[in-house]
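Look at Swiss-Prot and you will find R45 tagged as L-glutamate binding site, backed by similarity to another entry. The pyridoxal 5'-phosphate binding site annotation in Swiss-Prot covers G79, T80, W114, T169, D191, Q214, N265, T266 and rests on similarity to another entry. Per Swiss-Prot, N6-(pyridoxal phosphate)lysine is recorded for K215.
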Amino acid sequence: MSSREEVVNFAAGPAAMITSVVEEFGKDFVNFQGLGMGVAEISHRSKQGSGIVTSAESNFRKLYNIPENFHILFMQGGGTEQFAACLYNVYAHHALKNGNAKSLVANYIITGAWSKKAYAEAERLGFPCHVAVDMKELAGKYGSLPEDKDLKFTPDGETSLVYYCDNETVHGVEFNEPPTNIPKGAIRVCDVSSNFISRKIDFTKHDIIFAGAQKNAGPAGITVVFVRDSVLARPTPAELHKLNIPVSPTVSDYKIMADNHSLYNTLPVATLHAINLGLEYMLEHGGLVALEASSIEKSKLLYDTLDKHDLYISVVEPAARSRMNVTFRIEPQELESEFLAEAEKHHLVQLKGYRSVGGIRASLYNAISVEQTRRLIDLLESFAKAHSN
C-alpha cells in the first residue's frame, strides 16, 4: 500500500488535488459546520448550500477579477455537455435580433481531439457548422497552432460563434493568445477545461468560457461557465419555435441557470464545496500570478529535460507546447511500456498517453509541485542514461 505522500498523480483528469484541501474536505464530508451532517447530505437550497454557491462565485470573481457583466454558472454534464449548450444558447441569443438566425454558421478552430469533438457534436445536432481550420489537415498532425492566415472564417454577419479549445488535453497544444480577426457579430466561445485556474483570462475577448472542474479545480461533477450578460438575452421558447430555432433543454439554458443562482435543479454542492476550498487555498497562496509562475517553471523544467535527450520525442511544436499536458514519445516506442512500469515503481502514476494517441503524457496541474515534477525529471534522466547508445 502506498501513502499519499509517496505517490505523484500525473493524471489528465480526474486529477490530483491539493492534499490540505482534500483533508479539509474529508472532515466536512463527515460533519459540515457542526451540523452533524456531511456536506454531501445538506440540501442545495438550504442556507448552507446556497452559501457555498455564493462563496464560490465570490472567490472566482476575486481570483479572475471577473467583470460584473459576466455571470458565473455552476452546471453539470462536463465540458461535453457544453458542446451542445453553447450552441443552443448562442442561436437563441442571435434570434433576438436576427429572424434568420438559424442560417448563421458556427465556426470551429480544430487543434486537437476536444475541439474536434465539439465540432462533431454541432454536426450531430444539425446546427450549421464550418471548420475554420483543422490543424491535422493543415499540418499532417495535431501539434501546432494556426496562424491568422490559416483561419478561414465565414463572413461578418453570417457567423453565429467562433469556438476554440484553449488547451488540448490529449495532444498537449495550448494557445498563447486568443484567436484574432473574429467575424463581426460572432459570439466567442472558449473551452478552458484543462488550463483552468492557471493564468489570467482576457474577458474582453470572450463571451462564453467554460471548464470542467475535474482537471485543475477539483472533483468531477461541476462545469464552471462564465457567460457575458448580453448573451443571456433571448426570445421566449414559443417565439423560438416560430423561428424554427432549437430550444435548449432546461438544464442547459444559461438564462434559467443564471436566474436561479445555479440552483434550478439539484446542484452537487459537496463537489462545489471542494472546488471552493481549493479556490480559498489558491487565493491565500498568491492567486493566478503564483499559479502561472509555477506552471511555467514546471513545464520548462520538463521540456528542457526532454529536449536534451534523443530518446524522448516531443510531439508538439515549441510555440504550441502546453504548460499543463506535456506529451511525448520514447524512441524506440517499445521502451514506453518499460518506462511506464519503471515510473510505477517510483510511485509516478497515470503517465500513459490518451488511448487514441498513445505515448506518454504528464499533466502538471496546480496540485503537482515543482518538487514532484523533479521526481519525474530524475526518472527521465536515469532512464535515458540506462538506454543511451
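Backbone N, Cα and C atoms are what each Cβ position is placed from, and that goes for glycine too.
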Recorded positions compared (R45, K215) - highest count of Cβ atoms within 10 Å: K215
Cβ-Cβ neighbours of N265 (pyridoxal 5'-phosphate binding site) (radius 10 Å): 13
Rounded Cα-Cα span from R45 (L-glutamate binding site) to G79 (pyridoxal 5'-phosphate binding site), Å: 25
Using Cα positions only, nearest of the binding-site residues to K215 (N6-(pyridoxal phosphate)lysine) (R45, W114, T169, T266): T169
Cβ neighbours of T266 (pyridoxal 5'-phosphate binding site) where a neighbour is any other Cβ within 10 Å: 11
Number of Cβ atoms other than its own within 10 Å, given for Q214 (pyridoxal 5'-phosphate binding site): 25
Close in space, distant in sequence - T169 (pyridoxal 5'-phosphate binding site), Cβ under 8 Å, 6 or more apart: A12, G13, G112, A113, W114, S193, S194, K215, M324, N325, Y354, S363
Reduced DSSP assignment, G79 (pyridoxal 5'-phosphate binding site): helix
Pairwise CA distance, Q214 (pyridoxal 5'-phosphate binding site) versus the residue listed as 'L-glutamate binding site', rounded so that it is a whole Å: 24
